[in-house]
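K.L.:
So TrEMBL says this about it:
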type	residues	note
ACT_SITE	A:179	active site, nucleophile
BINDING	A:146, A:168, A:179, A:259, A:378, A:383	substrate binding site
């Protein structure tokens, strides 16, 4: 399953010793062709990790033969040495596989500002290469975990072709709670421009609308590799939808595994004047710490929803706003609506609808509650 | 002291029964003249509480005879009835004091979306008026507390004139952690346009740069009332500096009493290309939940500072950024700097310097750490 569900791919996941606790920390995904078209989207953070700077260059060529991913260190803010290390990693993969380094994408995740232990990473590449297998997708997904409690994979199989993928992290492409790394593979025969179009369309409404804690990573990367091994070229719309489904599924898995979270919050903005307005309002609600605490306390505190909407530039009139929490319209026309006691907050999923009464556009942002566990996990991360 | 330190002012603070726990909840500040010039600044949230909408109208006249403030309810998102209640409160104060209602400012703080118990508030106005005293400043400051653990007052006395004030809340004008209400008084003889200029200049670099949790209130209000009773008209610069000092002092008291906080974090951005850049970067750092958790854990996690800087549009080059935490330059030229083990994080105040190496402008934003106590306090607020 995972990245090896599609034909033409092998993968491996091993413990190279990058993580001090001995857990798996190095993954390799190889495209055995016959094609090797690829596309990628990266963090919009201006402080980009060395592997992001490298992989952006790789993707400009539209071809990826292999992806090497490590957990246990982000290789971000590591200066020229960090970039040299990324380059050396790609060269090592190229050497072992007999490919060109400029077709080897590199992804890293872990603590910022620490150089990778290259004396462990480079031998690890050899070990991983020796274990490459058509059944290695699961192990690869396990090797990229950091604070993830479970590994995340997804597959959509269509008529003769497949899209599969793995993800780590809990956040969004930009911003992200922690680094989010995603590798998607398909055996469909498609060129890189088609992959790029489908991937950007898919991430825009999936990973880009997951906003666990409003923090943007230096390392977020989503790659889509196409081997062409199925010898099928699907219609664009059908392929794009399959990519979107896999991204959506992996995104939901990220939200459900977000650090310290006890609630998954779906913020649905409706009747906005534009999609941009809907996204701006959804993000503002999703990033409101006071609201996220209230949801944690199972308190349907719609006042905090309204105060978050009020900070945006979106088109709306304050006295026309409506808010529903778990199906109960607790705020009508900017004031008190149905009895808040009717709101059942016992379940993990919480559904907030913000009606701007200003148009017909909509957008959904997913976030999590803010919990003491989140604080604990993130105040002890580097110690 | 407090709002009654300046001559020409009386105040009172009483328990009107708005709060169910019987704590003081109604304050009255009266300007007995001979002048009654005033200025005000209000939340920039587009969802404004009824008392903000009312008081904005009052301040357009440039004259304030009295301010009535209640805790125990924000009167926000309460529709036309909420506005009628604010109006009725001003009318009651006007009636009791024999002034015009259009010169009575109203401030409210507490839960959003709940109507005020007018059957308790209006009699409370009479009780408060009966207790007005030149020594009532302290009691007024106590009556406006919500989650504040201490009341906040400040006074600057100059040659023959005084500026004093009281504040509640823990946040900033826009945004604010909870509602921030501030009343400043002076016995200097000044017109409302001068007061307005001095107040806006002062709040821009004090309350506006306190960002406890990035959340903007619907009720934030800062008022400055001048009685002229000292019969002195100070130079503008001297007066403006006195107002700035009182605002700065009250702002620091707000930060030190922020909900659940264990650290006060001074984020100083230096060598920015513009002051706007410095403020944008400072705010981005101050709002980064991951960094705020790290500081709580006494972890000098400069990578989270860089990733916060990277989300801004400010002018900088990633490989020229420098970051100091408590005097140790842990990040130099975008990479690892001095040994992070040298950073002493034991004390309550934490000083982060972000050097953008892009110009000569600077700005300082104050914030707090993110703690489990913050989560607890804000997940149980309305229950």
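Using N, Cα and C of the backbone, Cβ positions are placed for all residues, glycine too.
What TrEMBL says about a protein is an automatic prediction, not a curated fact.
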K.L.:
Using DSSP, would you call residue A:259 (substrate binding site) helix, strand or coil?
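P.N.:
Assignment for residue A:259 (substrate binding site) reads coil.
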K.L.:
So for residue A:179 (active site, nucleophile), how many other CB atoms are inside 10 Å of its CB?
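P.N.:
The Cβ of residue A:179 (active site, nucleophile) has 29 Cβ neighbours within 10 Å.
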K.L.:
Long-range same-chain neighbours of residue A:168 (substrate binding site), Cβ under 8 Å, sequence gap at least 6?
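P.N.:
Spatial neighbours, sequence-distant, of residue A:168 (substrate binding site): A:71, A:109, A:141, A:144, A:145, A:146, A:148, A:151, A:152, A:179, A:180, A:181, A:182.
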K.L.:
Let me know the DSSP-derived helix, strand or coil state of residue A:168 (substrate binding site), please.
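P.N.:
Residue A:168 (substrate binding site) sits in a strand per DSSP.
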K.L.:
Enter the number of other CB atoms within 10 angstroms of the CB of residue A:259 (substrate binding site).
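P.N.:
Its Cβ shell of radius 10 Å holds 26 other Cβ atoms.
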K.L.:
Other than its own, how many Cβ atoms are within 10 Å of the Cβ belonging to residue A:146 (substrate binding site)?
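P.N.:
22, counting other Cβ atoms within 10 Å of residue A:146 (substrate binding site).
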K.L.:
Around residue A:378 (substrate binding site), how many other CB atoms lie within 10 A of its CB?
P.N.:
28
K.L.:
When each of the recorded positions A:179, A:259, A:378 is checked against chain B, which show a C-beta distance below 8 angstroms?
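P.N.:
Answer, by Cβ distance to chain B: A:378.
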K.L.:
According to DSSP, collapsed to three classes, what secondary structure does residue A:378 (substrate binding site) have?
P.N.:
helix
